[in-house]
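To keep things clear, I will list the structure first and then write my remarks on it.
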Amino acid sequence: MSSQFDIIHKDAAGRIGKLTTPHGVVETPTVMPVINPNIQTIKPSEMREFGAEILITNSYIIYRKDELREKALKDGLHALLDFDGPLMTDSGSFQLSVYGEVEVTNEMIIDFQQKIGTDIGVPLDIPTHPDVSYEKAKEDMDITIQRLKEARELVKGDMLLAGPVQGAIYKDLREECARELSEIGFDVYPFGAVVPLMESYRYADLVDVIASAKKGLDPTAPVHLFGAGHPMMFALAVALGCDLFDSAAYALYAKDRRYITSRGTYHVDKLKYLPCSCPVCMTHTAEELKTAHNCTELLARHNLYVTFEEVREVKQAIWEGNLLELVEQRCRAHPRMLEALKQMYTYSPWMEECDPSSKSTFFYCGPESAKRPEVLRFNRQLERFTIEGSALIRTYPTKRDSDYDNVLIFKPPFGSYPQELAEVYPFNAEIVRTPDYESLESAYENTIRLVELNPNAKFTFLMQDKLGHPLVEKLEKMDNFTVVSSQKE
Ligand code: GUN
Ligand code: ZN
């Protein structure tokens with residue numbers, strides 16, 4: 001079977017898609033709850049109640065335990081787990097990264113995954129730790145690519161095959177790896193070895209890894225962020241083009257008595273209230289939850305509910321075209337996430353290529369919004385705004401402008417644009433009343449560019465006192481530009 005991934009809606013580099021597997025179609029973005037074949041806090045057959053459409057388990061754990069291996073070979077993986085929907089299996093690579101070795105070869109584990117009837121199989125890639133030397137990262141990456149080539153040739157049936165992108169934190173390696181894997185052709189592209197980055201809150205590095213790997217891939221290929229399960233970072237990762245996540249976090253956090261929210265994590269013993277409306281939180285007080293004999297299971301359930309709540313929140317945001325607003329909100333929950341937001345906007349030129357041009361309303365959420373792809377796009381579109389004759393640039397709307405051939409509106413963070421477009425996205429932006437430095441800077445730069453592009457037009461900038469800025473001096477020096485300070489009429 002050839003893979004099929006249909007993109008049905010887009011926002012920034014994020015998308016809602018449909019991935020077809022032998023056991024059904026999965027709507028992305030989504031999270032695959034991790035099933036431990038040995039211990040099941042929550043049964044796979046219950047997972048649909050939380051919103052799960054696809055699960056992930058580990059074929060290496062099954063392979064190593066006689067009882068599990070025999071049953072999986074005899075009855076199939078779906079019977080073993082008692083789940084008839086799509087299943088992905090990992091290969092033992094994670095164990096390889098933790099213990100340094102595994103008792104299986106790439107060929108054996110690919111063969112085993114095919115025999116037990118998994119929907120998406122994973123070769124034995126090498127999850128290279130982010131902090132190794134460039135040479136080591138390249139060496140590991142080359143072995144990974146070799147193994148993936150081998151796996152590609154071994155897969156004969158309808159199992160989809162994942163091609164994990166490695167390369168540590170080296171952007172050129174991530175991009176090169178992605179490009180080489182694209183040429184071989186896989187059905188899903190997981191971005192590997194990012195768990196250590198997330199564990200140490202290195203979200204800005206994570207942004208670099210995702211963006212570089214994405215650049216090497218066909219933009220329409222489905223992407224899985226391996227080991228990412230905290231809902232706080234879904235919006236960010238989806239905006240950068242990730243489609244699948246996997247969560248062991250729901251169970252691991254529960255074991256540590258931690259309660260997940262889309263804004264971060266609480267230790268259950270610190271909770272006085274339960275800030276959630278899931279079935280667990282509506283039927284327990286914080287005190288009851290803490291002291292329940294099955295506290296771990298209850299926490300795992302709550303953690304799963306909020307995980308899928310965030311998935312739906314992200315999908316709705318894509319649907320409405322305000323994913324970046326959601327990302328900006330989520331990234332304000334943690335200082336290291338704010339760093340990641342700023343890092344993400346260094347990739348605005350690339351995101352702008354993926355971003356559909358017409359959405360609902362542009363909400364200015366803070367200085368970072370001045371770096372959004374829409375602002376960059378406006379800068380590029382300026383070349384098309386030919387201004388003939390005289391133009392008045394206003395910082396606020398009014399009617400009496402008949403002395404001028406053209407009326408432009410100056411609106412941070414965009415700049416000066418024709419009044420006729422005032423109701424059109426993104427100029428219909430909701431912005432804060434007192435623009436901040438970044439939004440003004442962006443607006444002035446775009447205005448300077450507009451003036452440069454139209455040397456024959458005469459501009460008059462009717463400026464309110466409050467908008468004073470060093471960049472105005474630059475404008476004043478331009479021959480065809482006059483700044484008139486005005487009191488509000
Ligand atoms: N689980 C978390 N990270 C990885 C990775 O890089 N490769 C594989 N196969 N599994 C993982
Ligand atoms: Zn809850």
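The backbone N, Cα and C atoms fix where each Cβ goes, and this holds for glycine too.
The shown structure was predicted, so the numbers you read here are calculated from the model rather than taken from an experiment.
Marked as active site, nucleophile by TrEMBL: Asp90. Listed in sequence order, Ile56, Thr57, Asn58, Ser59, Tyr60, Val122 are the same-chain residues at least 6 apart in sequence whose CB falls under 8 Å from the CB of Asp90 (active site, nucleophile). In the three-state DSSP scheme, Asp90 (active site, nucleophile) falls into the strand class.
The substrate binding site annotation in TrEMBL covers Asp125, Ala193. With a cut-off of 8 Å between CB atoms and residues at least 6 apart in sequence, the same chain places Ser91, Ser93, Thr144, Arg147, Leu148, Pro164, Gln166, Gly192 near Asp125 (substrate binding site), listed in sequence order.
The Zn(2+) binding site annotation in TrEMBL covers Cys276, Cys278, Cys281. Cys281 (Zn(2+) binding site) falls within a helix when secondary structure is assigned with DSSP. For Cys281 (Zn(2+) binding site), the Cβ neighbour count at a 10 Å cut-off comes to 21, with all displayed protein chains included.
According to TrEMBL, the feature domain 'tRNA-guanine(15) transglycosylase-like' maps to 13-335.
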Exercise. Which residues, same chain and not among Cys276, Cys278, Cys281, have a CB within 8 angstroms of the centroid of the CB atoms at the recorded Zn(2+) site?
Worked result: Leu274, Pro275, Ser277, Pro279, Val280, Met282, His302, Tyr305, Val306
For this session: Enumerate in sequence order the recorded positions Asp90, Asp125, Ala193, Cys276, Cys278, Cys281 whose Cβ-atom distance to ligand 1 is under 6 angstroms.
Result: Asp90, Asp125, Ala193
Exercise. What's the CA to CA span in angstrom from Cys278 (Zn(2+) binding site) over to Ala193 (substrate binding site)?
Worked result: 32
Exercise. For Ala193 (substrate binding site), which residues of its chain lie six or more apart in sequence with Cβ-Cβ distance below 8 Å?
Worked result: Ser97, Pro127, Thr128, His129, Pro130, Gln166, Ala168, Phe226
Exercise. In sequence order, which same-chain residues at least six apart have a C-beta under 8 angstroms from Cys276 (Zn(2+) binding site)?
Worked result: Thr261, His302, Tyr305, Val306
Problem set entry | Surrounding CB atoms that lie within 10 Å of the CB of Cys278 (Zn(2+) binding site), all protein chains | 17
